[in-house]
Amino acid sequence: MYGPKDHGWIEVIVGPMYSGKSEELIRRIRRAKIARQKVQVFKPEIDNRYSIDDIVSHCGEKEGAIAIKNSEEILEFLKKDIDVIAVDEVQFFNENIINILTKISNGGKRVICAGLDMDFRGEPFGSVPKLMAIAEFVDKLQAICMCCGNPATRTQRLIDGKPANYNESVILIGAKESYEARCRKCHCVPKDEV
Ligand code: ADP
Ligand code: ZN
């Protein structure tokens with residue numbers, strides 16, 4: 001996979017948190033740059049985990065990126081002579097990301113995107129399942145389960161050290177929130193009976 005000849009394509013990298021999605025995206029960006037291809041990197045503005053203008057892996061590797069408010073801004077910022085477009089944390093964009101990445105790849109560019117395939121409940125995350133369906137290449141990565149050491153496919157949300165409830169609100173005030181990688185068996189999402 002070095003560069004499109006007469007059409008582009010879409011590559012998708014998915015998995016839970018800590019599975020190495022950002023690491024893999026950074027590796028592909030660097031290889032393209034070594035081959036003197038022009039790369040533009042985007043990320044949603046909400047992900048200010050470590051840095052506003054970089055994509056950063058959990059082990060500290062980083063690459064410069066443009067932080068954007070919505071998927072439409074990819075078309076606004078996209079330069080004409082670009083060969084490769086990379087998008088990290090793709091699960092945070094609205095459904096229009098599908099049309100935008102389709103248009104860009106139809107136009108002859110290589111598109112690489114990375115994101116969570118499941119939310120903390122273990123349910124498909126936003127537009128990512130659709131992106132996986134229309135992509136030419138899909139890589140589903142695993143982390144290592146923090147409880148049992150099996151391959152981890154899910155992201156465990158913890159609030160003050162305890163598994164977050166299915167209906168727990170996304171924004172929490174005064175609580176300590178953390179995430180860890182877990183396998184199917186150790187992933188735990190308590191649900192209140194109604
Ligand atoms: P992602 O983008 O999928 O969240 P990153 O590329 O940012 O993943 O981080 C991957 C790195 O996270 C690994 O190389 C490792 O250093 C670290 N890590 C922390 N916890 C785990 C775990 N449970 N399993 C595997 N790697 C882990
Ligand atoms: Zn486990």
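Just so it is clear, glycine is given a Cβ too, placed from its N, Cα and C backbone atoms.
Record features (TrEMBL):
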- G15, P16, M17, Y18, S19, G20, K21, S22, D88, E89, V90, Q91: ATP binding site (BINDING)
- E89: active site, proton acceptor (ACT_SITE)
- C145, C148, C183, C186: Zn(2+) binding site (BINDING)
- I171, L172, I173, G174, Y179: substrate binding site (BINDING)
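This view paints the features noted in TrEMBL onto the structure.
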residue	record	DSSP (3 states)
G15	ATP binding site	coil
K21	ATP binding site	helix
D88	ATP binding site	coil
C145	Zn(2+) binding site	coil
I173	substrate binding site	coil
C186	Zn(2+) binding site	coil
Do you know which of the binding-site residues G15, K21, Y179, C183 end up with C-beta under 6 Å from ligand 2?
-> C183
When the number of other CB atoms within 10 A of each residue's CB is tallied over all shown chains, which of the binding-site residues M17, C145 has the maximum?
-> C145
So which binding-site residues out of K21, V90, C145, G174, C183 are up against ligand 1, CB under 6 A?
-> K21
Measure from the CA atom of I173 (substrate binding site) to the CA atom of V90 (ATP binding site) and give the result in Å, rounded to a whole number.
-> 26
Counting other C-beta atoms within 10 angstroms, the emptiest spot among the binding-site residues C148, C186 is C148
DSSP three-state assignment for Y179 (substrate binding site) | strand
Neighbour-count leader, CB within 10 A, binding-site residues: G15, G174 = G15
Cβ contacts within 10 Å for K21 (ATP binding site), all chains included, total 29
How far is it from I173 (substrate binding site) to M17 (ATP binding site), counting Cα to Cα, in Å?
-> 22
Hey, what's the Cβ neighbour count for V90 (ATP binding site) at 10 Å?
-> 28
Among D88, E89, the most crowded of the recorded positions [Cβ within 10 Å] = D88
